[in-house]
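To start, the structure under review is shown below, and the notes come after it.
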Amino acid sequence: MFEDILKKIKPSEEERKRVYEIIREIVERLEKRGLEVFLGGSFAKDTWISNNYDIDLFILFRDGEGISKKIEETLKEEKMDYAKVRGSRDYFKVFYRGMEFELVPALKIGKVEDAENVIDLSPFHVSYVRSKIEGTNLADEIRLLKVFMKNIGTYGAESYVRGFSGYATELLILYYKSFYNLILNTQDWRPKVFLDIEGYYNDIRKAINVMGKDKTKSPIIIVDPVYPVRNATSSVSVHKFAEFIYYSRILLEEMRNGLDVSKYFEIKKKVDISKYLEYAKRYGANLLYIEIEGKGGSKDIKNTKALKFFKRLVKELEVNNFPILRKFVIFDEKVIGIIYVYLDKLLEYRKKEGPLVWDKESFEKFLKKHRNEEVFVEEDGRVYAIINKKVKSEEILEDMRNKYSNSIEKFYFKLY
């Protein structure tokens with residue numbers, strides 16, 4: 001059913017040989033310096049996608065003191081190109097022979113109960129998935145799901161995405177046995193979906209009681225087979241859960257109608273705004289296209305800041321009475337924001353926010369400035385004024401750029 005798509009997304013034997021040779025080479029160089037290296041993620045399970053080279057190398061340790069320093073000293077000794085990323089345990093992005101490796105410290109443990117965080121569970125996750133997919137075609141089914149999720153924007157457990165992690169996608173396939181069967185079953189999904197591959201719990205209520213309500217707020221609960229007190233999909237938001245169901249239904253309908261569905265499985269999908277321009281034109285709206293790059297060492301921090309900036313920008317436009325029909329973000333190499341906004345329907349009057357009443361100095365300045373306008377206090381304790389002033393959207397965007405320059409590295413916008 002998906003043979004032609006798999007030919008494009010599955011690594012060829014030649015590519016596999018080349019990639020694993022490079023992995024072996026860097027691992028040997030690190031081990032030569034006394035580091036204990038464990039290959040993790042999709043490359044350890046052979047569920048990776050062609051031409052996608054983000055490779056996880058876990059540096060195992062028993063005593064956490066000084067592990068990041070030891071890794072950095074090793075990288076310097078080996079003269080490798082790297083970037084240090086701050087965190088609870090500092091990790092390193094290493095750029096080696098055209099590939100990006102992440103060297104992540106992980107506690108070497110004998111049993112899952114000793115894990116300090118989910119990273120420490122990685123060797124157990126790898127062993128479990130490999131044991132289940134060996135001698136089957138499930139690795140290809142996982143590839144199909146990963147590429148599909150990346151195309152529809154539901155892949156990634158990062159805080160700025162809140163979608164499905166790579167491990168979660170693997171567990172979905174292990175449960176449903178094929179990509180197509182998963183798509184069929186999502187047609188009837190509704191919160192809360194409960195999947196327990198190894199049958200640890202009799203029902204969802206017992207699982208919630210053991211895991212805790214905070215870890216089971218997500219609309220889907222997948223019991224981690226290697227650590228059953230953990231919900232492997234605790235990061236999944238209602239938004240991403242609903243999007244996955246929506247696009248699964250669309251995919252199934254198009255397949256049944258004999259339509260070409262290859263667009264849902266493109267590896268390097270470029271953001272094409274032409275369809276959004278057509279929609280905006282149909283609605284008689286302008287399209288505001290935005291590219292944002294946040295400041296920070298890691299992609300997670302950068303994109304979190306960029307997303308926060310986008311939300312503030314939307315709020316600023318709404319405060320200034322710009323009617324917004326739809327707004328959303330696309331996570332590409334940078335954060336891309338799309339807003340359908342009506343620039344020619346700006347109200348003549350708008351409400352301007354002032355200071356808190358007990359901020360006497362600022363209050364008096366505000367009152368003096370707006371002595372000819374209606375001034376009043378609202379529930380939040382702030383003073384407001386109704387002013388007759390049209391603000392250009394470009395002015396708001398430039399003002400936002402300046403206001404948040406400490407958290408935003410780059411900001412580009414274009415109005416259509």
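The backbone N, Cα and C atoms fix where each Cβ goes, and this holds for glycine too.
Record check: TrEMBL places Asp54, Asp56 at the Mg(2+) site, and the matching candidate among Glu3, Glu102, Glu113, Glu116 is Glu102. Binding of ATP is attributed by TrEMBL to Ser42, Lys45, His125, Tyr155, and within the candidate set Lys132, Lys146 the record adds Lys146 to that site. Neighbours of Asp56 (Mg(2+) binding site) among the binding-site residues Ser42, Lys146, Tyr155, defined as a Cα within 10 Å of its Cα, are Ser42. Of all Cβ atoms in the protein chains displayed, 15 besides its own lie within 10 Å of the Cβ of Asp54 (Mg(2+) binding site). Per Cα geometry, Ser42 is the residue among the binding-site residues Ser42, His125, Lys146, Tyr155 nearest to Glu102 (Mg(2+) binding site). You'll find the Cα of Asp54 (Mg(2+) binding site) roughly 14 Å from the Cα of Lys146 (ATP binding site).
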